[in-house]
Amino acid sequence: MRPELALVPGEPAGIGPELCVRLVQQPREDCRLLAFADPDTLRAAAAALNLPLQLLPEGAEARVPGDLRLRVVANATPSRFGQADPANAGAVIGALLGAGQACLSGELHGVVTGPVHKAVINEGGIAYSGTTELLADQAGVKVVMMLANHIVRVALATTHLPLREVADAITAPSLEHTLRTVHAALRREFGLPAPRIAVLGLNPHAGEDGHLGREELDLVIPLLQRLRAEGMDLIGPLPADTAFLPAKLAGFDTVLAMYHDQGLPVLKYSGFEQAVNLTLGLPYPRVAVDHGTALDLAGRGVADPSSLQAATTLCAQLARQRTLSA
């Protein structure tokens, strides 16, 4: 099976369009890509890189370097490298929602997304907290954020919250939903029949038997015991400061961190260029780059395409595995 994937560049003034141009310089055999984007923005990126780009009708086949099938999502105003324009916020969101709807309808099998500038979208009059939340709302589901590279996968019990709000946000129902979502995704999309999930404690030293906080004793441990009784292979709660040692990571399929900066610094240190962002719980695989819009680099030809390449490869793999598991 050769999955059909949506490719969304993200912020038109950032590095997303040029990364997409670089991506299609090698024809792909693992998937067929359909870009949801403004054609002039893609052409400008190709010209800046001095690379070939042939924008094709949706029904065509990409055969030579630079071929890219396109579904037009026109910008409101011409984009300029490094100068994000809130007037184009609607086009950015429209491309994301169009890609998501194409997957929900069964037309496409997955979505690969470039970086989006949250502040610019909000300045354009659109309430936007992130692509993860946008696609979850469109699909009417609750999702889990996971980041991954070639060394480790890290899922998050909470995402973009102030640290003082994290403990209150972690409840037994929310943590149970997160664990069930991660477990199901590892089985269905990663093809792991019995995934091992390491669960980090919320507090230093995983609470030190209640001396450094009671969340582990009162909430995490009882929940893990109940889910283990159902057959889930859950390890923890583990102290976060030692859970990422290589010898321990070798025994886990995924680490569940309780908050953003508990798990992601280790992942990004171990391989930022190859890191990708996955949304678990959607009816289709969505994989994004794990970097920002880099407005200061746009149009200069120096942006590293590794994350987008990794995201596309992984999304194709997940789409194929999902079909096999159906």
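Glycine is treated like the rest: Cβ placed from N, Cα and C.
Of the residues HIS109, HIS117, HIS150, HIS160, Swiss-Prot places HIS160 in the same divalent metal cation site as HIS205, HIS260. The two recorded residues, THR132 (substrate binding site) and HIS260 (divalent metal cation binding site), have Cα atoms 14 Å apart. The Cβ of ARG286 (substrate binding site) lies under 8 Å from the Cβ of GLY100, GLY110, VAL111, VAL112, THR113, THR131, LEU135, LEU278, THR279, CYS315, each of these being in the same chain and 6 or more residues away along the sequence. Under the three-state DSSP scheme, ASN277 (substrate binding site) falls in the strand class. In this structure the C-alpha atoms belonging to LYS268 (substrate binding site) and HIS205 (divalent metal cation binding site) are separated by 22 Å. A 10 Å cutoff on Cβ-Cβ distances gives LYS268 (substrate binding site) a total of 16 other Cβ atoms nearby, all chains included. Comparing ASN277 (substrate binding site) with HIS260 (divalent metal cation binding site), their Cα atoms are 13 Å apart once rounded.
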